[in-house]
Amino acid sequence: MSAISVSNISNSKFVLTGFPGLEGYYLWFSIPFSIIYAMVFLGNCMILHVIRTEPSLHEPMFYFLAMLALTDFCVGLSTVHTVLGVLWGLIQEISLDSCIAQSYFIHGLSFMESSVLLAMSFDRYIAICNPLRYSSILTNEKILKIGVTILCRSSLLIPPVIIRLRFLNYCRPHILSHSFCLHQDLIRMACSDIRFNNIYGLALVISNLLLDAVLILISYIMILHTVLAIASWEERIKSLQTCVSHICAVLVFYIPIIGLTMVHRFGRHLSPLVQVLMGNVYILFPPLMNPIIYSIKTQQIRRRVKRLFYSKGT
């Protein structure tokens, strides 16, 4: 009997939601979404290529930027097949196992991006508050250890709550809120006891996203305190300018997450289109904007990108 039950659960199909009520315009919507995904892949590949091929960029700050670009690339890779599949009319449903796998990668990569942003704030703190020891503190070996820690933290803490999804009984309508799978969407359809998922999921959010945000804020309070102690106004501006790109990346990451969380928690009365829009902003906005931010605001990246396109043009 239990074998039959598990078989039925594993064969469950979940309906992916595009833009409710606007199905006739999906082909038109697919054009900007295809362009956005192309920009996500090309932009982050360009950042990775520039950092790999330019010896002057082989520094801690840019190693962390490479981690961020790789994470953003993987975020796009994890959702492109369902988002564009729905808009192109290729798929309408997703199996439970595929849905669980996708939710694992989406949430894991979100935690990874948060961890990378925390590491980048630590890099800026050392560079401004302890510049003489910068190279001795952030050695290549230390950066490698930080990278491995980020990977383990983001990938090994999630399986307990994700694996649990495989054994829940989904008796409510199998209609997802987005064209991709999120943990909170799946447990909303479950009739089983979901206390473990709720408690463990909340603990994950607090120990990862919230803790990282608090530590990033503390690092910038300490950076600001150090900068204000500098006598020269020009030196203050110069020091703060090295943080502008990272501050923008932090805002681009956390604002969509907060917005999506608020919509899921308190926006049940809102139009489904609002949830769909916030979901797509949460998935696509950071991977799209980070390469643009760092290409515009970081002088070394901007100079190398211009040289890259100039050499191709000639």
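Just so you know, the numbers here start at 1 and follow the chain as drawn.
Cβ from N, Cα, C; glycine included.
Pulled from TrEMBL:
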- 25-51: transmembrane segment (TRANSMEM)
- 43-294: domain 'G-protein coupled receptors family 1 profile' (DOMAIN)
- 63-91: transmembrane segment (TRANSMEM)
- 103-122: transmembrane segment (TRANSMEM)
- 143-163: transmembrane segment (TRANSMEM)
- 199-231: transmembrane segment (TRANSMEM)
- 243-264: transmembrane segment (TRANSMEM)
- 276-296: transmembrane segment (TRANSMEM)
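Listed as Cβ neighbours of the transmembrane segment (63-91) (distance under 8 Å, sequence separation of 6 or more from its ends, same chain) are residues 16-18, 26-27, 29-30, 33-34, 37, 40-41, 44-45, 47-48, 51-52, 102, 105-106, 109-110, 112-113, 116-117, 119-120, 123, 143, 147, 150, 179-181, 249, 280, 283-284, 286-287, 290-291, 294, 298, 301. Packing against the transmembrane segment (276-296) from elsewhere in the chain are residues 17-20, 36-37, 39-40, 43-44, 46-47, 65, 68-69, 72-73, 75-76, 79, 83, 106, 113, 177-180, 182, 245, 248-249, 252-253, 256-257, 259-260, 263, 302, 305: each is 6 or more residues past its ends and has a CB under 8 Å from a CB in it.
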